[in-house]
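Novice: The transmembrane segment annotation in TrEMBL covers 26-45, 52-69, 75-98, 110-128, 134-152, 159-177, 197-218, 277-296, 308-331, 368-386.
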Amino acid sequence: MTIGFGLQHVFAMFGATVLVPLQTGFPVTTTLLFSGLGTLLFLLVTRNRVPSYLGSSFAFVAPLSAAQLDGASPALLLGGVLVAGLLLVAVGIAVKALGARLLDSLMPPVVTGAVVMLIGFTLAPMAAQDVAEQPGIALITLLCIIGIAILGRGMPARLSVLLGVLAGWVLALAIHGLDDDALADLAAAPWIGVPEFTAPVVSPSVTLIVLPVILVVVAETVGHVKAVAAVTRRDLDGSVGDALIGNGLATALAGAGGGSATTTYAENIGVMAATKVYSTAAYLIAALIAMLLSLSPKFGALMLTMPVGVLGGATMVLFGLIALIGVRIWLEARIDLSDPVNLLVAAAALMAGIGDLTFSVAGVELGGIVWGSLLAVVLHPILTRLSRHRRSGGA
């Protein structure tokens, strides 16, 4: 029974976890290994109080892709992931020591929502480019994902991305849309082998590009802890710090060995809510299955046959959902956009990010994600104080 529940969690996390390394160029099998190890580490750090699965984080795709365009090697990208993980651990330690309210003062919803949105919006050109290369396959994949999500019920609806990607891949196979070299590599790949490991190299330029993602991951993790608390009907406010530490350690571990950064997955929380099985044993089984899959180069080669059109169709949905998470943060916090402070912070941050505002500082080129996030973080407290001073002076 527990194995069956574990398999459900594997299916739920699989689509997104595999798509991230395909977008960023990290090995799929290595990513699966560190996804499994990261989940085990997370459960250990949280002392089994926060049942969650850690899959690949889409929030890192935009900054890592921007760094790749600037010529960053995989080792440099991993250095950014490693530093981000360690900083996330530091945030978790601070929250554990000072309380979860620390996050509300440093990162109010108007700031975190804006940062999440600009990261999602800056991914749009990447998805559109993939769609343009194979529009027919991309459209079918997109329609399958949407159709299954809307018309499906229960588990099929929760697996809409995975099922849509599978449908797109089968279509591409039928119309000879798979890359011949990728198919040859699949035939030659052994069934059993060790994942590919890469040592990280820390670079200030890549690190600065990746840093804004920490705001997103913190907001995401806190939101997921609250969701788990609601599903399991437990008070998990005291576990927010541990969850951030566990997520940070898992991300740092992945960065140290060659895998994608990790984050807690809403998909698996949804499975838990549907099955009403809150035991961490199911997540333990899912982690072990992911680690077993990582030991098959044949499986990794199979994932690399994924056509660019299928990726484009899937990421049209997934990248859009990232941006809309930011909107949801605003709605849930009831952000007042008639307030000039909120309005100006959001406007400046989003335009800097979406417009890819780029400047060099001390020889390091910083793009729109960095400047947009910086504007949100810096402008909000300054404008808030000025607004309060104006009101008190007027009184």
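Backbone N, Cα and C define each Cβ position, glycine as well.
Show me how these features fit into the structure around them.
Specialist: Taking Cβ pairs closer than 8 Å, the transmembrane segment (75-98) reaches residues 24-26, 60, 63-64, 67-68, 198-203, 206-207, 209-211, 213-214, 217-218, 240-256, 258, 260-261 in its own chain, all 6 or more past its ends.
For the transmembrane segment (308-331), the list of distant contacts is 15-16, 19, 22-23, 58-59, 61, 109-110, 112-121, 123-124, 126-142, 144-146, 161, 164-165, 168-169, 172, 177, 219-220, 223, 337: same-chain residues at least six beyond its ends, Cβ to Cβ under 8 Å.
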